[in-house]
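**Student:** So TrEMBL lists these for the protein:
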- 8, 9, 10, 11, 12, 13, 227: NAD(+) binding site (BINDING)
- 80, 227, 228: substrate binding site (BINDING)
- 80, 108, 163, 216, 226, 227, 228: sn-glycerol 3-phosphate binding site (BINDING)
- 4-33: domain 'Glycerol-3-phosphate dehydrogenase NAD-dependent N-terminal' (DOMAIN)
- 36-131: domain 'Glycerol-3-phosphate dehydrogenase NAD-dependent N-terminal' (DOMAIN)
- 152-293: domain 'Glycerol-3-phosphate dehydrogenase NAD-dependent C-terminal' (DOMAIN)
Ligand SMILES: NC(=O)C1=CN([C@@H]2O[C@H](COP(=O)(O)OP(=O)(O)OC[C@H]3O[C@@H](n4cnc5c(N)ncnc54)[C@H](O)[C@@H]3O)[C@@H](O)[C@H]2O)C=CC1
Ligand SMILES: O=C(CO)COP(=O)(O)O
């Protein structure tokens, strides 16, 4: 049994709290608009699970620091995004703020509605701290939630982060009714793009072929349960981005991730053709049809990809 505090009472925070509770752990949820004070909520926790939107992670890390988080507390991050100011992943933000705490990433094909319905699923917990990995694995492993471990936290969270951009593109593809061939081509060609960014940011290649990479890419590109997919689908039907996000009423991280990714790709010269079309589409400078044409009209090239290619 562990004392677990989950930060964030959105769809994913609630599901992660319920999973830990069902396994017999002592669980409390903190949220920014809730009644409890952060310092009190984390004071006795063995494990703090952060499941808030990316836009709040850097500030939350600062608040936790002010709350004097114990250095023995395991910090688990379940957010899938990149910091707009620094391009850091959540685990990097926590690592920079809490150099002595064990940091664990939890990421995989985990659409919260299916998890809440107790459908079988698997995920990855990733850390360089083996004891912390075992502890978090024990807290979450159950008959319906299978937990694999990985030594590559950055790779695990980048898979979950970058696939959100692809899910927007696939939503467009389905919204325009481009067919199964186009969808298969898009998802497959997205993999070298994700790998190129991942390798640049220090991830291990094999992580992207596991649950937190390919697994999450497939789950999120499968259809209507994914909010990022629904962003693309809505754009393909001529809706404005603001309207789509209002209707969703919850976080679609791929929108912010696309902007951060394109800033980074421009600075570092990383070729990301799919993300670039998504970026133009989100900014409203091209139509969904023009985004497709932009991809199809690119120069012809071999399929094999150079992961260190630069523009
Ligand atoms: N819902 C899902 O199926 C899954 C979501 N995730 C990731 O988990 C993260 C949260 O997603 P959801 O819970 O689905 O979103 P949500 O929109 O349902 O909830 C977002 C939560 O973040 C909190 N939050 C937002 N801005 C904040 C700030 N500035 N400071 C403190 N808290 C803030 C909100 O109060 C809310 O509790 C995202 O990064 C998402 O990609 C990961 C796996 C599955
Ligand atoms: O990350 C997720 C599933 O693993 C959730 O995807 P969406 O944020 O697109 O709903």
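Going from the start of the chain as shown, residues are counted 1 onward.
Using the three backbone atoms N, Cα and C, a Cβ is placed for every residue, glycine included.
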**Student:** Going by DSSP, is residue 163 (sn-glycerol 3-phosphate binding site) sitting in a helix, a strand, or coil?
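**Tutor:** Once the DSSP labels are grouped into three classes, residue 163 (sn-glycerol 3-phosphate binding site) ends up as helix.
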**Student:** Just checking, which of 8, 10, 13, 108 (binding-site residues) has the fewest C-beta atoms within 10 Å of its C-beta?
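**Tutor:** Each of the binding-site residues 8, 10, 13, 108 was scored by Cβ atoms within 10 Å; lowest is 10.
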**Student:** 10 Å Cβ neighbour count around residue 80 (substrate binding site)?
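**Tutor:** Within a 10 Å radius of the Cβ of residue 80 (substrate binding site) lie 29 other Cβ atoms.
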**Student:** In the same chain, outside 80, 227, 228, whose C-beta lies within 8 angstroms of the Cβ mean position for the substrate site?
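**Tutor:** Filtered neighbour residues, in order: 164, 167, 220, 226, 251, 252, 253, 254.
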**Student:** May I ask for the distance between residue 216 (sn-glycerol 3-phosphate binding site) and residue 9 (NAD(+) binding site), taken between their Cα atoms and rounded to an integer number of Å?
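**Tutor:** Pair distance, Cα basis, whole Å: 22 Å.
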**Student:** Where the criterion is a Cβ under 6 Å from an atom of ligand 2, which of the binding-site residues 13, 227, 228 meet it?
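**Tutor:** By the Cβ criterion, which requires under 6 Å to ligand 2, the hits are 227, 228.
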**Student:** Any of the binding-site residues 8, 9, 11, 12, 163, 227 with a C-beta atom under 6 A from ligand 1? Give them in order, or none.
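**Tutor:** Close enough to ligand 1 are 8, 9, 11, 12.
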**Student:** Report, in whole Å, the straight Cα-to-Cα distance of residue 12 (NAD(+) binding site) from residue 80 (substrate binding site).
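**Tutor:** That comes out at 11 Å between the alpha carbons.
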**Student:** Would you list the DSSP helix, strand and coil counts for the residues of the domain 'Glycerol-3-phosphate dehydrogenase NAD-dependent C-terminal' (152-293)?
**Tutor:** 108 helix, 0 strand, 34 coil
**Student:** Using only the residues recorded as binding sn-glycerol 3-phosphate (80, 108, 163, 216, 226, 227, 228), report the maximum Cα-Cα distance in Å, whole number please.
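**Tutor:** Pairwise Cα check on 80, 108, 163, 216, 226, 227, 228 gives a maximum of 16 Å.
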